[in-house]
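Participant: Dropping the structure in here first, questions after.
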Amino acid sequence: MAMMRLRREDPRVVGAFRLHRRLGAGGMGVVYLGSDRRGQRVALKVIRPDLSEDQEFRSRFAREVSAARRIRGGCTARLVAADLEASRPWFATQYVPGPSLHDRVLEHGQLSAAETAAVGAALAEGLVAVHEAGVVHRDLKPSNILLSPKGPRIIDFGIAWSTGASTLTHVGTAVGSPGFLAPEQVRGQGVTPASDVFSLGATLAYAALGDSPFGQGSSEVMLYRVVHEEPQLDGVPSALAPLLRTCLAKSPEERPSTMQLSLRLKEIAAREARGVPQPTRRQRVAVSAAERPPAPAVADAPAGAGERGAAAGERAGRRRPRPPAQARRRPTGSAARRAADQRLLRQRVFVFVTVTLLVTLGISLAQGCQGPL
Ligand SMILES: Nc1ncnc2c1ncn2[C@@H]1O[C@H](COP(=O)(O)OP(=O)(O)O)[C@@H](O)[C@H]1O
Ligand SMILES: [Mg+2]
């Protein structure tokens, strides 16, 4: 992540935090890298002056910051401090080390099926906690996901975005990635947790493809495609494509819940991780010991997903052929050595007994010859 020097007009201190660098500048304001006296690093976002003067924005912002405080678990960058009454409201979240998903894909190419599913499972689980706190993210996309060493973290909650056409224009220009907005957001209709599921589907498709499933183009073109066209998922691994397609359903009711999504992605991540790369010998033993029937289709899976899941399971099975029973019974190196030792021992006992008998017989014969005639 590129950090930029502070500009002349940037504050040097906000609340208890000293500011060091600019991390980014977006629709709501500027984000700075800061630290407190104890050295705790934060990402501190200072709201734009024009939004700061908007009373409706301020009260919505206050409501949503208090909702963000209620989010449980470690899926988001934790809120550290905020001042909603300041002339320019600000809030600070724990600094997350690691690139955004966007930068990661840009620099190193798309993620594998296993990586995509693992990141997706963690994000879906994170969204369960977000939605339980009564918050809808509204702006989930690759640049708003940071890949920390401890797992992906969701940042940049569309904390104060309102729904409605005026905001849409604002989001369209400010966010700059309309290929990740749900159709109902584009239409200015109600935003619900299902809208985040759509955005997560588009984000995971981006991770697996290295491109948005709605391609590239001007904001207008992208928004049109999101509402009217089917996503392009050619090239998305077959284990993931059917599930991502349901996330990208135009109708929010047809999308899976975040809980269903998380479970399904965990399943896919586990299966794919076992399939790639070539497992070591120890893993092969573990795999053959584990039960490996094709995964059953779960209730939320789209029609055909179960079959595809089974096919993926079979493929995984083919990659790791179970050794034939005979081979599995074949003694290992040390067992073979033990068997050879026992054979040698038996031979020695046999020779010893035979020699002893012969010597005894010989002595008896000799004594017999010497006896009185
Ligand atoms: N908690 C954080 N930890 C580390 N970097 C962050 C954090 N929050 C934001 N950033 C950085 O600042 C950039 C902009 O922040 P973001 O909240 O996405 O605002 P916006 O997209 O509105 O500019 C992000 O892309 C990221 O590089
Ligand atoms: Mg952002």
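Residue numbering: from 1, along the chain as shown.
Cβ atoms are placed via backbone N, Cα and C, with glycine included.
What TrEMBL says about a protein is an automatic prediction, not a curated fact.
From TrEMBL, here are the annotated features:
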type: BINDING; residues: K45; note: ATP binding site
type: COMPBIAS; residues: 285-314; note: compositional bias 'Low complexity'
type: COMPBIAS; residues: 317-331; note: compositional bias 'Basic residues'
type: DOMAIN; residues: 17-268; note: domain 'Protein kinase'
type: REGION; residues: 272-339; note: region 'Disordered'
type: TRANSMEM; residues: 349-367; note: transmembrane segment
Participant: Which value does the mean pLDDT take for the domain 'Protein kinase' (17-268) in this predicted structure?
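Facilitator: Residues in the domain 'Protein kinase' (17-268) carry a mean pLDDT of 90 in this prediction.
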Participant: List the residues of the same chain that sit at least 6 positions away from K45 (ATP binding site) in sequence and have their Cβ under 8 Å from its Cβ, in sequence order, or write 'none'.
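Facilitator: Residues satisfying the criterion: M28, G29, V30, V31, Y32, W90, F91, A92, T93.
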